[in-house]
Amino acid sequence: MAHEHGHHKMELPDYKQWKIEGTPLETIQKKLAAKGLRDPWGRNEAWRYMGGFTKSVSFFDVFFKGFKWGFAAFVVAVGAEYYLKSLNKDKKHH
């Protein structure tokens, strides 16, 4: 019996897509080369300087991350409260 549970072989990205050219890692490689050294793992860190990882995060981004959806939920909750209170005003209490 095979114990396959619908798992597929994980596909790893091609290592050649990560380039250090145009990143701060290139400067580090040049400084190391001037001393006769080389960082063979430099390319493994190149992903940090490409794509969505390069956007710097500001205090504003962190503090107001969910503000838009939170404010919308607040408005809906306040609207529901006022609506439910208006229904209660129609009922006479002794």
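One is the number of the first residue shown, and numbering goes on along the chain from there.
The backbone N, Cα and C atoms fix where each Cβ goes, and this holds for glycine too.
Taken from Swiss-Prot, the feature pros-methylhistidine covers H3 (among others), and the record attributes it to similarity to another entry.
What Swiss-Prot lists as pros-methylhistidine is H5 (among others), and the listing cites similarity to another entry.
The local packing around K19 (N6-acetyllysine), expressed as other Cβ atoms within 10 Å of its Cβ over all shown chains, amounts to 13. Per Swiss-Prot, the feature N6-acetyllysine maps to K19 (among others); the stated evidence is similarity to another entry.
Annotation source Swiss-Prot lists N6-succinyllysine at K19 (among others). In this structure, K19 (N6-acetyllysine) belongs to neither helix nor strand by DSSP; it is coil.
The C-beta environment of K30 (N6-acetyllysine), restricted to residues of the same chain at least 6 apart in sequence and closer than 8 Å, is empty. Summarising the annotation, Swiss-Prot assigns N6-acetyllysine to K30 (among others) and lists similarity to another entry as the type of evidence.
As annotated by Swiss-Prot, N6-succinyllysine applies to K30 (among others).
If you look up Swiss-Prot, you'll see 62-84 marked as transmembrane segment, on the strength of sequence analysis.
Outside the transmembrane segment (62-84) by six or more residues, the chain places nothing with a CB less than 8 A from a CB of the stretch.
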